[in-house]
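Annotated in TrEMBL:
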BINDING   Gly14, Ala15, Gly16, Lys17, Ser18, Thr19, Arg120  ATP binding site
BINDING   Ser18  Mg(2+) binding site
BINDING   Asp36, Arg60, Gly82, Arg139  substrate binding site
Amino acid sequence: MLKGTSVFLIGMMGAGKSTIGKLLAAQLDYRFLDTDQLVETCTGQTISEIFARSGEASFREVEHQVLGQVSAYTRLVVATGGGIVLNQMNWSHLHHGLVVWLDVPVPVLYHRLINATVPRPLLQTENPILTLTNIYEQRRDRYAQADVRLTVGEEESSKQVCERLIEAISKKVEPDRLKVLPEEVGLDCE
């Protein structure tokens, strides 16, 4: 279906990019990578430690470098950090593959994140739901630049989301390929 083209999952923290990414990679027989995990491996620090010691700008720079290296490969499903879309230069790397936005409503994100075992540095505020809403509003237009947008429902299982994602990718890839084919190879379709 994708002929080796990598898939980059974007979306808010808590959207399920890593969980869905692993399932999708297994279905496509691709390798799964998580840019946050790669940043932690490269720096020897957790994301929270990087934010506390060096700040968000330092984290974003390492994240950009990691994405640049990862985008050179094929047959990957890559879960990205929620803020990867903030750096416009990252889009040149993301567009080496198919970009998928996992769009999850803020109340669902909040419920997932308050029950998470890993603390999220950007949510260490007095009013986390307001912070989450503001972050979503700031990033929404950037997320909307994705090739595929999949809105995720509260009651859907990861398996159901993955199945719908494969269907959405198939619909995106096949019509585009067929639409271009006649013009590119000069076929007479009559």
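Don't overthink the numbers, they just go from 1 along the chain as shown.
Every residue, even glycine, has its Cβ placed from backbone N, Cα and C.
Keep in mind it's a predicted model, so treat the numbers as computed, not measured.
Positions of the features from TrEMBL, shown on the structure.
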residue : record                 : DSSP class
Gly14   : ATP binding site       : coil
Thr19   : ATP binding site       : helix
Arg60   : substrate binding site : helix
Gly82   : substrate binding site : coil
Arg120  : ATP binding site       : coil
Arg139  : substrate binding site : helix
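Here the candidates are the binding-site residues Asp36, Arg60, Gly82, Arg139, and by Cα distance the one nearest Gly14 (ATP binding site) turns out to be Gly82. The record assigns Asp36, Arg60, Gly82, Arg139 to the substrate binding site, and the maximum Cα to Cα distance across that set is 18 Å.
Put simply, Gly82 is the one of the binding-site residues Asp36, Arg60, Gly82, Arg139 whose Cα lies nearest to the Cα of Gly16 (ATP binding site). Among the binding-site residues Asp36, Arg60, Gly82, Arg139, the ones whose Cα sits within 10 Å of the Cα of Ala15 (ATP binding site) are Gly82.
Distance from the CA of Arg139 (substrate binding site) to the CA of Ser18 (ATP binding site) is 19 Å. For the ATP site, the Cβ centre of Gly14, Ala15, Gly16, Lys17, Ser18, Thr19, Arg120 serves as reference, and the other residues of the chain with Cβ at most 8 Å from it are Gly11, Met12, Met13, Ile20, Ala79, Leu102, Arg112. Counting only the Cα atoms, the space from Arg120 (ATP binding site) to Arg60 (substrate binding site) is about 15 angstrom.
Apart from Asp36, Arg60, Gly82, Arg139, the substrate site neighbourhood in this chain, defined by C-beta within 8 angstroms of the site C-beta centre, holds Met13, Glu63, Thr80, Gly81, Gly83, Ile84, Val85, Leu86. The Cβ of Arg139 (substrate binding site) has Met12, Gly82, Gly83, Val85, Leu86 as same-chain neighbours under 8 Å, each 6 or more residues away in sequence.
Whole-number maximum of the Cα to Cα distances across the ATP-binding residues Gly14, Ala15, Gly16, Lys17, Ser18, Thr19, Arg120: 17 angstrom. Across the binding-site residues listed here (Lys17, Arg60, Arg120), the residue whose Cβ sits among the most other Cβ atoms within 10 Å is Lys17.
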